[in-house]
Amino acid sequence: MLFNINEKGEPLVISFAPFLSPEAIKYLQENERCSDQSQKRTAQQIEAIYTSGQNILVSASAGSGKTFVMVERILDKILRGVSIDRLFISTFTVKAATELRERIENKLYSQIAQTTDFQMKVYLTEQLQSLCQADIGTMDAFAQKVVSRYGYSIGISSQFRIMQDKAEQDVLKQEVFSKLFSEFMNQKEAPVFRALVKNFSGNCKDTSAFRELVYTCYSFSQSTENPKIWLQENFLSAAKTYQRLEDIPDHDIELLLLAMQDTANQLRDVTDMEDYGQLTKAGSRSAKYTKHLTIIEKLSDWVRDFKCLYGKAGLDRLIRDVTGLIPSGNDVTVSKVKYPVFKTLHQKLKQFRHLETILMYQKDCFPLLEQLQDFVLAFSEAYLAVKIQESAFEFSDIAHFAIKILEENTDIRQSYQQHYHEVMVDEYQDNNHMQERLLTLLSNGHNRFMVGDIKQSIYRFRQADPQIFNQKFRDYQKKPEQGKVILLKENFRSQSEVLNVSNAVFSHLMDESVGDVLYDEQHQLIAGSHAQTVPYLDRRAQLLLYNSDKDDGNAPSDSEGISFSEVTIVAKEIIKLHNDKGVPFEDITLLVSSRTRNDIISHTFNQYGIPIVTDGGQQNYLKSVEVMVMLDTLRTINNPRNDYALVALLRSPMFAFDEDDLARIALQKDNELDKDCLYDKIQRAVIGRGAHPELIHDTLLGKLNVFLKTLKSWRRYAKLGSLYDLIWKIFNDRFYFDFVASQAKAEQAQANLYALALRANQFEKSGYKGLYRFIKMIDKVLETQNDLADVEVAAPKQAVNLMTIHKSKGLQFPYVFILNCDKRFSMTDIHKSFILNRQHGIGIKYLADIKGLLGETTLNSVKVSMETLPYQLNKQELRLATLSEQMRLLYVAMTRAEKKVYFIGKASKSKSQEITDPKKLGKLLPLALREQLLTFQDWLLAIADIFSTEDLYFDVRFIEDSDLTQESVGRLQTPQLLNPDDLKDNRQSETIARALDMLEAVSQLNANYEAAIHLPTVRTPSQLKATYEPLLEPIGVDIIEKSSRSLSDFTLPHFSKKAKVEASHIGSALHQLMQVLPLSKPINQQTLLDALRGIDSNEEVKTALDLKKIESFFCDTSLGQFFQTYQKHLYREAPFAILKLDPISQEEYVLRGIIDAYFLFDDHIVLVDYKTDKYKQPIELKKRYQQQLELYAEALTQTYKLPVTKRYLVLMGGGKPEIVEV
């Protein structure tokens, strides 16, 4: 029940409906099932919307309508009396929060319109007004609100800012690291610290590898709920725990024993094959068979009796026995077919090899790890202190501050817990432990609503942990009193062809070992409507592989990205879709695993005329040519004796010195000085005191004087003005901003330059003043191999989309191409010198000196890199986590498609047909095989091979070179359409285009039918005007350039938001002005301004008129002076109407129009027409309008019976007025 006050001050009581009971929800589900609605809510959606009073975890598969469920649940809460500001709603991105807010807003508007209860209308209107203040946003945004409000309780000022620029963070980190490094190098334990640095960097001078280690440890700790406690208690957890063979986890030993038993079973299967050859010709056992039987028996015995024969303490002995027992190779060959029986076991043995030696030396690295722990802790504290001093923090800092505030202040925490009716989280699978801790503190323990899908957890690089979702899922299923699990399986996005192939692939691929969830019936995708189940045979998924048999090893490696042949396959399919199916380009999306090395896609698509839009690439802002030129200009202003920057500035388009000029300047050195900078040589060259003054000719001397004068003015201005103004002064003084507009990618270049000025302004506003500090900051960014964010420019809408799989999450597209399926998964992290794990802490490769094991030797030391036991433990977990995330990436990519999905890759056809496993084990690919395969393509081919008897809903097709010729690929059949923006520079263009279309249609009909039917003898003036006047209006037509102009426009902020003035409006205003202009007065700016006030146009159009050009016409041209001299003979904007004979029907028709100006004399007429078209050469417009002026002349001759002796076009669309006689 809610009380409001009406306009008379009287209380209004609103009675809200109670929350639904489980029985009421079941009743609602049954009603929905029996209803005749075309789109029904599923039983699970209804349950997720209306269940209340407990924690709820919604596992929502791709396309299952999770956003719909969230919006409906929020609306239901509001309608039952829960104010919107009492809901905490967390989203993964700002964009998602905006979209969710808009959906709620639309729902509230709709609800207000539907309700007839005045009191409810008032209440809903209040909710609408409160929506903008509601806690709907990212966890980062909420944490900022908490710290801004309660930061004082932990000593944090509310006037802080967020350091979003990674470059700024790295600059501060570098300063802190350098200072701390020097302190540790001079401390009491310096020898241990030096050994630590050498273990990772090789020597103490190059600290880059050690610095990366420290930064990574720091960043990893920041994703935990309490970084300091994690560093103190968990950082060395594995190093303290795993020091003996007995400490090896049981799970790892079980995997080894499982590999041994699997090897024995596979070997037995191979020996039972008919062609194996168990017996010799004499009937006795073959030597091969005897050897293999021994292996089978011993492996089985050792597995069965492991605890008795070996145990954990004898694990190293088991490894030696197995290594000596099995052959060194992986394969057993039967009838020329190779079976990789021993491959998995060899990989497991490698993991445990040299364990005894490793454990002997592992204890020596513990003091190094303690030093590392101390350094990272000290670095974390020092870095935070610097940020507190600057009052500038990272998002993780703010989140930890918020956690600290809520943990240490019971009253604040309880106020939030009492305030929030429910704590709702979207994309819960992508939460990290820091965010989970914050959510726990906000909740009262039984009011959490979490929506996500563990199969779409793909942000491990942001320290997202899918196990948070997984643990909740298990806990709620085992203990329903803790919470309820609701599964949304119905997919409302994709056709059955996409759903079936997704289910087929992941039911054979994903389980808890690899993928973190068993893809069983409760996780499989189900079509949400009957329309999705209608079959389309041409939409069956395709695995298209370029056959690399003929490459002879010359094909690009996986690291080199997608090949030209693969892109050509994609282009061929797109052309087929576009030509044969009429699929618009914007319905097609290409998904890639990373943004790098995709230039070949754009290049190839350009060759075939396929428009493409990318979501960006690597950050290369500071490496763009125009920005590098400006930075070198600023460096020169700051220090002219910087030769590198000075040469770059001289060679730039701003001053255009060539190699010959620079060589002449370089020879003007002072013989008395050993070293002489270029700036000094320029100064000597100007005053003629260089070593060879005769080389400085007059032209070069003039250029040098201009340069020195300009540089001097810039240096003077740099001391007085702001950076922003200095940059714009450079642009204006040397017209550099205008210059780049004439170059390739003009929009991008100008956007980059504009952004440089804005960033300089932002830099100074953040408290850093001066050119020197700005240059230093930029140089530090470059030193740390960082860059600033690229400036985006607007892209065409009708184009194929190219984006990363990560960027596509949450989106959907009719046709999806998953490219580069043969690219190996990045396993860089598992080969680093250290690996971090939340539970185990750090594991490192230790550079041990094993000189003692070698006996007598003359070597001072023998260093060997060893994988310590914690490192091996973390490595195995990281490998499985990486494979699991790649599997989920494939799931995300496939489920983006609405109609059809394509997989594109390359492979050797002959090798891919080799048998990879002797038999399938159950429904899943064998675990060992899934761990070995390192590409999407390998997974798909293995499934196609091992489960070939099933319908997997995708076809494998090899593409040969003969399929990729120009003739085979084909060409787009799309006609080249004129850009409508190129037709707006004058009044006539749009109507001309419309009239030409009409006339073309009429012409075609006249060719097929009797012309008289379509051209009546008598027509009204209004009818004739609609048909013919557009062709004859005195307004120019655009000259369309051979290449269409780009419509891209960067979206940087600008100060003017004036409406765009169309060129056609300017053309109309010019004609009106020429009609009313009093020619009896001297034509000057004042006369033109007075006349301008009398025309019917808005102020923007009047301002856009070039009055100087009009003045120039009357004052500087003979025709303009002719106007003033013979103004009594002048007629302006004169309408006419004449009869014309149709050449086909031989019928007469009326031709009407308006003539801009003509002079009527006793014996002749002079005709004048104004044109505002843009043009390159006047001859173009002369040819275009010759026939039009002939019609005007004919009309005048018929009317006055006098010849038209002169016909002039007045061209006002160029830089100055031009007169063309026609």
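Cβ atoms are placed via backbone N, Cα and C, with glycine included.
If you check Swiss-Prot, you get these features:
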| type | residues | note |
| --- | --- | --- |
| BINDING | Ala60, Ser61, Ala62, Gly63, Ser64, Gly65, Lys66, Thr67 | ATP binding site |
| DOMAIN | 39-495 | domain 'UvrD-like helicase ATP-binding' |
| DOMAIN | 524-810 | domain 'UvrD-like helicase C-terminal' |
In three-state DSSP terms, the structure that Ser64 (ATP binding site) belongs to: coil
Around the Cβ of Ser64 (ATP binding site), the count of other Cβ atoms that are within 10 Å: 27
Binding-site residues: Ser61, Thr67 - member with fewest neighbouring CB atoms within 10 Å: Thr67
Residue among the binding-site residues Ala60, Ala62 whose Cβ has the most other Cβ atoms within 10 Å: Ala60
Intrachain C-beta neighbours of Gly65 (ATP binding site), sequence separation six or more, cut-off 8 angstroms: Gln45, Leu488, Glu490, Phe492, Gly528
Beyond the site residues Ala60, Ser61, Ala62, Gly63, Ser64, Gly65, Lys66, Thr67: chain residues whose C-beta lies within 8 Å of the centroid, for ATP: Asp453, Leu488, Asn491, Phe492, Arg493
Tertiary neighbours of Gly63 (ATP binding site) (same chain, Cβ under 8 Å, six or more apart): Asn491, Phe492, Arg493, Ser494, Leu525, Gly528, Gln812, Thr895
CB contacts for Lys66 (ATP binding site) [other CB atoms within 10 A, all chains]: 21
